[in-house]
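*Asks:* Quick one: the structure is below, questions incoming.
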Amino acid sequence: MPVGSRCWSAPPMFIAIRSSWPLFLGVALMMLGSGLQTSLLGVRAGLEAFDTSATGLIMSMYFVGFLAGSLLVPRMIGQVGHVRVFAALASIASTATLVHVVFVEPVTWAVVRMLTGFAFAGLFIVAESWLNDRATNQTRGSLLAVYMVVMLGGTAAGQLLLNLDDPTRFQLFALVSVLISLSLVPLLLSATPAPAIQVPEKVGVRQLYRASPLGVVGCFGTGIAHGAALGMGAVYAGAAGFTLAEISAFMGAIYLGGMLAQAPIGVLSDRFDRRLVLTVTTLAAAAAAVAAGWGMGVSNAATIGLAAVLGGLTLPLYALCVSHTNDYLTPTQMPAASGRLYLVTGVGATLGPLAVALLMDLQGPVAYFGFLAAVHLAIGVFALWRMTRRAAKPLEEQGHYASLSSTATQVAAVMVAEEAVEHQPEEAETDWVTAGDVLSAETAAMDAANDDETPAVREA
């Protein structure tokens with residue numbers, strides 16, 4: 001090498017992102033298919049004159065399957081491996097999509113939708129396990145941020161595909177199937193060793209509530225809101241008289257707003273009392289929902305704009321609640337707590353679509369925004385009440401906010417916990433654990449977490 005020449009070395013973050021492109025491409029294709037499918041089913045259900053409550057049940061079954069998959073798929077992976085499970089579940093998800101167009105009736109759709117949720121949970125677990133395997137302490141936050149952008153951006157882009165054909169025809173369902181099948185290609189052809197499955201141990205909800213009541217209640221309420229907003233958004237728009245292009249724009253605006261707002265809200269939550277940020281965000285989301293409800297029928301364009309605002313305010317709430325909870329936990333408790341918060345959010349998500357559907361049956365489409373306003377208002381009021389019960393956490397003791405979507409699995413939640421651990425004060429370093437440590441302790445922790453003699457998590 002000539003004297004004076006310099007060899008430039010790429011930053012670890014850049015190398016990690018560049019080496020993960022097959023994973024991100026596969027996830028993007030998956031989310032394109034998933035985003036299109038959710039809105040397509042909502043629109044098609046309306047065109048087939050399904051009862052709104054029946055459609056709500058169909059959408060709720062996706063989250064039931066997703067929760068079941070989150071609990072069962074890790075065991076499947078332990079028995080037959082990542083690659084086989086990923087291929088099998090992608091085939092199930094791809095095939096299930098086509099069943100919707102062959103058997104057009106609510107009961108079949110509900111069962112198939114549950115299978116789809118189960119399959120997607122497994123696909124995300126495998127993808128997130130590969131992602132976590134590539135992550136280091138220096139690159140984990142960046143990889144998580146890119147992953148969340150790919151998830152939300154892919155889902156938002158999937159809404160635009162709704163305009164490609166008539167929802168009553170076979171073609172859009174076939175497109176979903178093709179996208180899901182194609183997501184296999186970059187992942188399975190990349191020369192990547194199968195990672196160890198990262199599964200959080202379990203911790204009792206009562207223990208978690210004693211540590212952070214707002215975190216638990218906030219995650220549950222956020223799950224209800226997200227399940228209702230995302231699961232029934234296309235149904236609302238169709239009932240409100242939106243055109244197909246407006247329906248796709250409405251749903252895309254929710255996801256796009258959420259994607260763009262993650263970083264600004266995260267910065268604010270790191271610089272101010274996180275409870276205050278959560279309170280303002282939820283109350284602002286309630287106000288946006290009220291405004292959208294009042295403006296219903298006046299201007300669809302304005303409603304779409306307000307949907308973007310609502311998405312930007314509601315989709316970051318899950319990460320806010322998880323980050324707030326981590327502020328009151330020791331590093332060794334964070335992975336287990338994040339996994340439990342994920343399940344609490346999932347239970348809420350199963351209730352959201354059905355609850356808002358029943359209200360829409362009684363009061364019409366305006367109940368969609370009314371329900372969302374009420375849920376966000378309830379979270380905000382509870383947050384205000386909690387602010388009167390104990391002093392704010394000193395800013396220097398607050399953990400670091402990390403982007404996290406409620407559509408991710410508990411594996412991503414553990415990654416967020418590990419990212420939070422990396423930003424804990426130095427005196428906590430001796431208690432740090434990794435997701436691999438969590439896995440090795442899983443069996444013992446499942447028994448100990450529910451033992452009444454187990455010391456409670458730190459009260460704060």
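Keep in mind that glycine also has a Cβ here, set from the backbone N, Cα and C atoms.
According to TrEMBL:
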- 1-391: domain 'Major facilitator superfamily (MFS) profile' (DOMAIN)
- 21-42: transmembrane segment (TRANSMEM)
- 54-73: transmembrane segment (TRANSMEM)
- 85-104: transmembrane segment (TRANSMEM)
- 110-131: transmembrane segment (TRANSMEM)
- 143-164: transmembrane segment (TRANSMEM)
- 170-190: transmembrane segment (TRANSMEM)
- 211-229: transmembrane segment (TRANSMEM)
- 276-295: transmembrane segment (TRANSMEM)
- 301-320: transmembrane segment (TRANSMEM)
- 341-360: transmembrane segment (TRANSMEM)
- 366-385: transmembrane segment (TRANSMEM)
*Asks:* Can the transmembrane segment (21-42) be said to touch the transmembrane segment (170-190) if we require at least 3 CB pairs below 8 Å and skip pairs under 6 apart in sequence?
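*Replies:* Yes, the transmembrane segment (21-42) and the transmembrane segment (170-190) are in contact.
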*Asks:* Would the transmembrane segment (276-295) count as touching the transmembrane segment (366-385), if touching means at least three Cβ pairs under 8 Å and pairs must be 6 or more apart in sequence?
*Replies:* yes
*Asks:* Short question: most Cβ pairs under 8 Å with the transmembrane segment (110-131), which of 54-73, 85-104, 211-229, 341-360?
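*Replies:* The stretch with the most close Cβ contacts to the transmembrane segment (110-131) is 54-73.
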*Asks:* Taking the transmembrane segment (211-229) as the first stretch and the transmembrane segment (341-360) as the second, find out whether 3 or more Cβ pairs fall under 8 Å, excluding pairs closer than 6 in sequence.
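*Replies:* Yes, the transmembrane segment (211-229) contacts the transmembrane segment (341-360).
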*Asks:* I need to check the long-range neighbours of the transmembrane segment (301-320): which residues 6 or more away from its ends have a CB within less than 8 Å of a CB in the stretch?
*Replies:* 152, 218-219, 222-223, 225-226, 229, 233, 240, 246, 249-251, 253-262, 265-266, 269, 274, 277-278, 281-282, 284-285, 288-289, 291-292, 295, 345, 372, 376, 379, 401-406, 416
